[in-house]
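The feature transmembrane segment is assigned by Swiss-Prot to 64-84, 91-111, 283-303, 313-333, 816-836, 849-869, 886-906, 944-964, 992-1012, 1022-1042. Positions annotated as active site, 4-aspartylphosphate intermediate by Swiss-Prot: 369. Here Swiss-Prot flags 371, 483, 561, 606, 673, 674, 675, 732, 738, 760 as ATP binding site. According to Swiss-Prot, the compositional bias 'Polar residues' annotation covers 503-519.
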């Protein structure tokens, strides 16, 4: 057992298995290549090494959760108030405060518990099985039970459960894009052994296979060498865990300075002022500010009594302190965000961290991957060039698998290069090529045999299948995306694979169509072509070919396709100038073809070449035929070049519209992709990330707009900061490039989001202000590092998230304004109330502590929730992002808070004094802050009037802040009827409507129910005072409307003096205008790339 432990310790530290042979690796790790581990050894290693996971489920620490909820400055004020109340034996006030604390903490606990469970469920979205050899027998086990030393078997479609030193490989390729970012499969070879002195990167260790990689071809056997956090992917996951960095030492500073800095960081983290999103930090700072204001006001109360503090003075101090704390804010904020997160699920956005949804409202820049996010992740044929025949173009095809969609046109005789350089403009484009083909309505000088030969090759040098699913009535396809694109075009031209080979397809929709290109299946049960042999695509030669026998003309045919350079190297001839005779392929001819390859590539297309050759039965004997069908070099020699196809991954239908809306919202979109420059540039121009026909740009701007990863990484930080514009497109982008891009954005004070799906994207996802992972193709590690997960991997869903984030920010701003204005009103009202002295010279509070809490917690809480549910404003996505540094506390909000607070204070004070001195005798009695006595009648009745006034003013304020500038009676100026508009305004948000109605009605039972009114709320039933309450509530409403009218006049004047701030004119402005050096419009922007 001790020896085993030593081996395991050595294995954990050893990272050079690529330098060992399979036998040496097996001996080092202590396993058998044929028998695998014994059951006893497996049990021991599982106990020693642990399960093969990237970390346990997040443990639910209830104590820590409670502490996290309590460590809030607002809750601290409530706690202190509760303790003082109980110490003074004011059980009612203490009990009410305890209830408020319990509600806040409970709701926070529930939400944090849900977030923890969500994280755990995301970790367990995929838990694949593993196939291993133990005790000489093959077993299927859960991948978490894999341990170092297991012999693992993997095949096509499997996810590799751990890092492996390969023993055997058979045509074995893996997709390591989640780890390395490289999209192309990597061919593995178990027989390779690398030198110990060589510096071999992870991606180049071709005798190893890595955890979480997908097997895309072949099968293999390997020794498990690393599991869990010791695997390559585990190392990335471990780096993401990190530490808080709160306590650190700077060698250049003294011990005292370091202690002070660390104390500030820890205190800030404890109070939430230096961690979290901008809103979280702002609210935490607000809570701290309100805490000290509450303490200050309590001191003022005690000072007014010359610090002669008894029970009544202490209770008054508590009352004033409570008036400054928006006790329901945490509850309302949590519920609003929870509702927003629930809404986003229906819009394909899963919110892992609630605060991140609000943070999206401040996003200035979005950095997105291309494949599968901006694009469909599927391939479409776009252009085909057949020498001496012409260029075929396929357009308006949205469904990559549907051959019945799209328009096919032909430019006769012109090549893509000739067409792009043609200055006459008239090239004789023939629309509806397929219909013309059937009707034989084509120019006589066009040789259809050339098209027939190319299409036959495209169909047969292909193993993909395209069919219509009868159950769903949808077109589907199986095979490689590139081959599917070619097969879809062949099917579009009524020459699918099974039409030539006779393979049965119950789902073939074109079985009744008569092909104009082939007379296949003339005899029942016969097939024109019989498959003889195939040489599959190989990443080394980058081509594939198939050998068929043509039963109709008794010829053997070899059809090949692949990368242009690979195919052209196998060709010795092509069809000559007359398009009929085969002529030798000269260097000049190859250069002509290559120009067309570049022309297609510059349009962002992936280019493949096609070639074929044929010979009769009489031209070869059996030995020669056997050599051709078994020897790739022989079969793929002396081919005849037939043509090119350009295919591409089309943008999603929603992408261009989403990009346009982002630009309209003042958000820049950057494409960071591993694809080639030409492809990235073309897609970016197609969806609007890059300009096309708008303005003329300086060369400096052009060079900055599009870069390769190596160009960007080659710049120093100073050079990046000096760029006139950060790149809108970075091609051949590495994970480190993405991190550098985020750092550059942060240095420019930008608030950015990053999308990603691979493990290698995790550092950039975590560094971005908002990390967005892909739900379908994303790795578990990337989801763990993200704040938001897109369940459909669709770029347009980010628009949904940003819109919801802005809506929430708007609504949070509204209810924060409502709640804080009430706090200001109550605090000013109570401070002014210090002037009311009873017969003993003690201050009489014009509102009791329970009245204060009732208004803050009960009356205001539900309208605030209603404000949180307000629909998005019509111009929401026409505004620029809000300043993340300022957040929701703009100068307008701050001024509004004090303005409404002062108007409300005036209304309530007028109601109290009018009741006390107008309707009643004006007697202030004695000991009226405690138990009721006969001398307190006037005070108790006046409190009721003031309580009703403040309650109703708070409710009216909720309606007023629905729009911060428009009149409550003209919320929707586009409505013709004022009456209809009024009812639309109050009924549009039914939750808000009924919560306000509830608040209005609730004032009556609170005033009239015996015991509750005089024992708890310290007020009495009233009569004529209701008239005062109603009158001064209306006065507040009029005051609020007059204030908003003044605001509208002010901002109208500001727009007149500063038209650039007008939203409507900004919407008409070109999003790239800031980069323009002239106003010459409709100038083609030719963005060149430095080589």
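For all residues, glycine too, the Cβ spot is worked out from N, Cα and C.
Cβ crowding, taken as the number of other Cβ atoms within 10 Å, peaks at 673 among the binding-site residues 371, 673. In the shown protein chains, 23 other C-beta atoms lie within 10 A of the C-beta of residue 675 (ATP binding site). Under the three-state DSSP scheme, residue 561 (ATP binding site) falls in the strand class. The transmembrane segment (1022-1042) makes contact with the transmembrane segment (886-906): 3 or more of their CB pairs lie within 8 A, with pairs spaced 6 or more apart in sequence. Using a Cβ-Cβ cut-off under 8 Å and counting only residues 6 or more beyond its ends in the same chain, the transmembrane segment (886-906) has close neighbours at 278-279, 282, 286, 362, 809, 812-813, 816-817, 820-825, 828-829, 832, 950, 953-954, 957, 960-961, 964, 1036, 1039-1040, 1043, 1047. Looking at which of 283-303, 313-333, 816-836, 944-964, 992-1012 has the most CB pairs under 8 Å to the transmembrane segment (91-111), the answer is the stretch 313-333. Comparing the Cα of residue 369 (active site, 4-aspartylphosphate intermediate) with the Cα of every entry in 561, 673, 675, 738, these being the binding-site residues, the smallest distance points to 673.
Remark: the transmembrane segment (313-333) makes no contact with the transmembrane segment (992-1012), by the rule of 3 or more CB pairs under 8 A. Under DSSP, residue 371 (ATP binding site) is assigned to coil, being neither helix nor strand in the three-state scheme.
Long-range neighbours of the transmembrane segment (992-1012) within the same chain, counting only residues 6 or more positions beyond its ends whose Cβ lies under 8 Å from a Cβ of the stretch, are 854, 858-860, 862-863, 865-867, 869-870, 944, 947-948, 951-952, 954-955, 958-959, 962, 986, 1019-1022. A coil conformation is recorded for residue 675 (ATP binding site) in the three-state DSSP classification, outside any helix or strand.
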